[in-house]
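K.L.:
Got a structure for you, written out below as structure tokens; questions coming shortly.
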Amino acid sequence: MTWKEWAFHNVRHHWRELTAYLFSCTWAVTLCFLCLQVLFHPDLSSDIHQTFFMTTLFLLVVFTAGFIALSHRRFYSERKEEWELLRALGMGASNFTRILLWENGFLAGISILAGIAGGVLLTPLFDVGVSFVLFLPKTLSTHLSWKAVVWTAGMFGLLFAGATWRVRRRLVRDRPSSKGFFRIQIPEGVGVVVSLVCVGGLGWWMYADTWAEWTLMLHLPFFVLFAVFGGYGLLRYVGAWMMKQSFLLRMPSLWLLLPRLRHDLPQDARLLTLVASMITAAVGMGSVCFLLWGEADRLELQQNPWTVQVVGATGKAPEQEVERVLANEGLSVRQKVSLPMLLAKAEGIDYTLISSNDFNRLLRLRGYAPIPVRSGEGVHVFRYGKGAKEEKKGSVPIKPERWKLHVGAGTWDLDVVQRSNVRVFNRHPRTEWLLVMAESDFQQAWERFEKERRWIYGWKVSPWKKSAGAVKELDNRWQKEGLLADTPVQGRAMIRQTSTSMMFISLFLSILFFLASATLLTFRLRQGVIREPERWRLLGEWGVTGEQCWRIARWEVRLLFMLPWLLTGVYVLLIHRFLDLLVPVETVTTVMFAFVIQTGMWWLIYRYLWGKLVWWMEERLEEEGEMVG
Amino acid sequence: MLEARFLTKIYGGEGGMPSHRAVNGFHLSIHPGEWVGVMGPSGSGKTSLLRILGTLDLPTSGELWFQGRELTTLSSEERAQFRRRHLGFIFQDFRLLEALTLRENTWLPLVLSREDPAVMQERSDTMAAALGLDKGWHRYPRHASGGEKQRAAAIRAMIHRPDLVLADEPTGNLDSKASRALLSALETLRQQANSAILMVTHDPVAASRCDRVLFIRDGALMTEVRHGGKRQDFLRRLLTVVSAMGGEHLDLEGMGLS
């Protein structure tokens, strides 16, 4: 028997555990290959598209690397009795390397070949999809790139080699490392405290007024780590307490289940956290995409209320020009504003001064209540996106602050008593920061600072979505002068384009995440089955019936599926909260919709794997019977 | 050939955990071709001793010499090479690789030594024929009986003609008929390969096959009984020691010794 034959025997013997794993790896290879095909496509050289597919590829490779490393580790650690025996028979580091390289060579070869073959078959379909979601003028021609083949094979070859190296290091190590979660054994009491602090922190973060979304993003990994870690500590503590309770002593199935969970869960913690993260990523991506797709128009109109906006004009010249172009395009003007403004500076930032009468007129047009401004006082209107929370609040009074404004060569003092981020103008550098003055003050300033006088014009036309041609013509004419602001038409197309691409890719990634989750749980369940007959025989000796054994097993599997699902539920709250702050539209329905779909899929995986588990178990029990016979 | 001096193994004791002295200043020497038995109550340190002698575990203190080499100073890789060349193992739970047939399992030590495949096949088939294993030879372990599996494990332990075979309760999972077959097989193989055997067992009948039996308690050698004479006399003396050590009431009549 050669090493190659031995490795082949091993792969063949473990094919059931490896099928799901190979399938996930193959799908990952296919996705990478498809992304690379697009990246190397001669007809698609736009930087935006290249960046988009590079980012997707990067995410894909990072995720796949983690998945392959964890699966390898799990697969090989489950064979520890085999390694122990081989070590006893005198198997050294070089021999371990040899057998691992052969085994992983087979796995890598199958995955890479099947993945690239799948990619080649899917390329025409993928090209059609890419052309559609990227709004390309014509469908991408099918182009098979050898560079993509070489890069895919090279990348996955390296990933498999890296995973093999990690496993080898563990196998040749003299003593196995601690089995504890993250190799630390934390007392149960500490786990409970950590868990409660994390749960409290979650509540505070979600409902405190002062937090910023980026703070959450930065802290989220640590939070998750501690919440999970503490959560398992809490579970163990509660388990230990429950074991002593008399009511539980009257329920033998549950009483037998608890110690088992206390023993297994800390070992499964990393696996379950990864599974929860993967299914959460699927929910999160789905939610963001559906939200952006559905709300693209509303988002754009909120940020750009005017179809065409001209800021900083020194005279009335643009007015007739814009209206002539709009008429030529067959667009009717529904609303129009023109108002005076003054240029000013404060602490290095360019401000636009407008009168309270004009500002209140704009507020009324948008359906907001007017803000009274007294002489000598001002309202600071800051740019949109600083915090959507304030956008919802509109305007808030603040402690008066004395501002010294530089207007031309002179200065002007103003007490800022209120802040607002209600959007009354389109996104434009000149209208990001406004200062609203009392009408009388503005009149005085207007008289005094003649050189700083400018005008703002805005038009709302109908139908606004068809104004792209007119906007483009005006844009070309005035681009150099910096007069024309952004319009909702372009932004809408951009949001749609981005979200469609993300939906397209997230669909593929979601499939990958689900396959990977199912693979990891399949490993876990199948390996559990190998130890079951021995355990059941023991339980049988104590008088536990076969039916009770099945009930215990069923609850174990249910919990294995429920814990990541519950964790995903917590994540979903965070996703909802995060989106709520990021996007000024209602997010709960979309997020819940994505979660419910996910729950359904999760339940299907549970049903499928439970069926498989029963089958494996019966097969194993039959084997046991044969052995005993 | 193998000499152990003042072997001590202490488990635990780190981070305030209680410590346990599994092997306590043990001395032992084994000569080529000798069959040595180790008996003692559960928890007396038999398996710990076996693991140290087999270089699977390192002692906390003491020396272990084999043909003039100190084994405790070897690196992990050197110890692996040592085991591959000089030792064979038989375990109570057989420990055969499920992916390989019984026949292929017996080749493992020779595969690791990169022996010629023709030699592997010839040697394993000859040994299997000598042990009457040719019937279930091509079965996978899950389809073989306990006796067949243990005989395959014995062949695996002996196929590379090691200097020393370490057997940890090899008859523990077998019925009396299969036990007898295995012990006869070990005897045959020992004569063929001139290997020494160190066998941990609870079974006085199995131990009566040995040249001498060491009795240990709390990790230390309590007494040693040598064969010298008839096997029945040897077995009677073993049973006397077992009884003195607090062994259960033994059915001498059942053993044909009354």
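In case you wondered, yes, glycine gets a Cβ from its N, Cα and C as well.
Pulled these features from TrEMBL for this protein:
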- A:20-40: transmembrane segment (TRANSMEM)
- A:52-70: transmembrane segment (TRANSMEM)
- A:56-172: domain 'ABC3 transporter permease C-terminal' (DOMAIN)
- A:106-136: transmembrane segment (TRANSMEM)
- A:148-168: transmembrane segment (TRANSMEM)
- A:189-208: transmembrane segment (TRANSMEM)
- A:214-235: transmembrane segment (TRANSMEM)
- A:271-293: transmembrane segment (TRANSMEM)
- A:502-523: transmembrane segment (TRANSMEM)
- A:559-579: transmembrane segment (TRANSMEM)
- A:591-610: transmembrane segment (TRANSMEM)
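Looking at the shown structure, can you explain where the listed features end up?
P.N.:
Per-residue confidence over the domain 'ABC3 transporter permease C-terminal' (A:56-172) averages 83 (mean pLDDT, predicted model).
Long-range Cβ contacts of the transmembrane segment (A:106-136) within its own chain (Cβ-Cβ under 8 Å, at least 6 residues beyond either end) map to 7-8, 11, 18, 21-22, 25-30, 32-34, 37-38, 41, 44, 49, 142-144, 149, 152-153, 156-157, 160, 493, 497, 500-501, 503-504.
With a cut-off of 8 Å between Cβ atoms, the residues of this chain six or more beyond the transmembrane segment (A:271-293) that come close are 63, 66, 70, 74, 224, 228, 265, 299, 495-496, 498-500, 502-503, 506, 509-510, 513-514, 516-517, 520-521, 524, 560, 563-565, 567-568, 571-572, 575-576, 579, 583, 585, 587, 590-591, 593-595, 597-598, 602.
Outside the transmembrane segment (A:502-523), and at least 6 residues removed from its termini, the chain residues within Cβ reach (under 8 Å) are 17, 20-21, 23-24, 27-28, 31, 34, 56, 59-60, 63-64, 67, 70-71, 74-75, 78, 129-130, 133, 271, 274-275, 278-279, 281-282, 285-286, 288-290, 292-293, 560-561, 564, 601, 605, 608-609, 612.
When Cβ-Cβ distances below 8 Å are used as the criterion, the transmembrane segment (A:591-610) is approached by residues 279, 282-283, 286-287, 290, 514, 517-518, 521-522, 525, 554, 557-558, 561, 565, 568-569, 572, 575-576, 579 of the same chain, each at least six residues removed from its ends.
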K.L.:
When DSSP states are grouped into helix, strand and coil, how many residues of the domain 'ABC3 transporter permease C-terminal' (A:56-172) land in each?
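P.N.:
Going by DSSP assignments, the domain 'ABC3 transporter permease C-terminal' (A:56-172) contains 99 helix, 0 strand, 18 coil.
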K.L.:
Among A:20-40, A:148-168, A:559-579, which stretch has the most Cβ pairs under 8 Å to the transmembrane segment (A:52-70)?
P.N.:
A:20-40
K.L.:
In the same chain, who gets a Cβ under 8 Å from the transmembrane segment (A:148-168) while lying at least 6 residues past its ends?
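P.N.:
Result: 25, 28-29, 32-33, 36-37, 39-40, 61, 64-65, 68-69, 72-73, 76, 93, 96-97, 100-101, 104, 107-108, 111-112, 115-116, 119.
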